[in-house]
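Here is what TrEMBL says about this protein:
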- His99, His101, Glu105, His144: Ni(2+) binding site (BINDING)
- His99, His101, Glu105, His144: Fe(2+) binding site (BINDING)
Amino acid sequence: MVAPEKDPREEVIEAWFMDDSDEDQRLPHHKEPKEFVSLEQLEELGVLSWKLDADNYETDENLKKIREERGYSYMDFCEVCPEKLPNYEEKIKNFFEEHLHTDEEIRYAVAGSGYFDVRDRNDRWIRVWLKKGGMIVLPAGIYHRFTLDTNNYIKAMRLFVGDPVWTPFNRPHDHLPARKEYVKAFVQKEVGDNGINAAA
């Protein structure tokens with residue numbers, strides 16, 4: 001029997017359920033024992049991911065294709081580290097405040113690494129470790145937050161459809177259309193599916 005091929009994305013993106021500790025937010029915060037989350041499970045929450053060639057992002061045909069297919073016309077870079085980010089302490093605090101956006105959040109790590117935490121359907125935190133070469137898309141309306149890991153550095157490409165809107169809506173903002181649409185598409189869907197499976 002042939003072993004299933006390892007998904008190349010797993011080299012640059014890992015995910016797991018977090019513990020409840022208040023220790024340094026830059027630590028991994030694994031549960032004991034560790035509980036990993038697959039990329040397929042992330043997809044069920046609307047979180048998409050790719051592995052790309054971070055050393056050649058200017059000429060990468062795969063990135064070009066994703067941008068064309070998904071309409072990502074805007075692009076810039078954000079370097080998050082104490083030396084490069086103005087008002088670093090305040091920004092990191094804001095990034096780690098649980099929030100949502102009314103548009104997708106697209107981040108591509110071209111250097112360094114960091115954690116994107118997202119909520120699952122049962123409101124548990126999943127920590128998504130994005131490393132160099134990893135790109136993720138967080139859907140509009142998903143509650144999430146960001147922090148650096150203990151390396152204290154990430155350079156991320158930010159992509160956007162049209163003019164960028166970076167407005168965070170701190171939880172709770174359940175009344176926003178983007179949140180309602182997210183819940184309908186990714187949270188309630190599972191509840192409905194389970195009902196069907198039980199009857200089958």
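Cβ from N, Cα, C; glycine included.
In TrEMBL, annotation is done automatically, which means it is predicted and not curated.
Around the Cβ of Glu105 (Ni(2+) binding site), the number of neighbouring Cβ atoms within 10 Å comes to 22.
Within 8 Å of the Cβ centroid of the Fe(2+) site, not counting the listed residues His99, His101, Glu105, His144, the chain contributes Leu100, Leu138, Ile142, Tyr143, Arg145, Pro168. Long-range Cβ neighbours of His101 (Ni(2+) binding site) (same chain, at least 6 residues apart, Cβ-Cβ under 8 Å): Leu138, Ala140, Gly141, Val165, Trp166, Thr167, Pro168, Phe169, Ala178. Neighbour counts of Cβ atoms within 10 Å were compared for the binding-site residues His99, His144, and the top value is held by His144.
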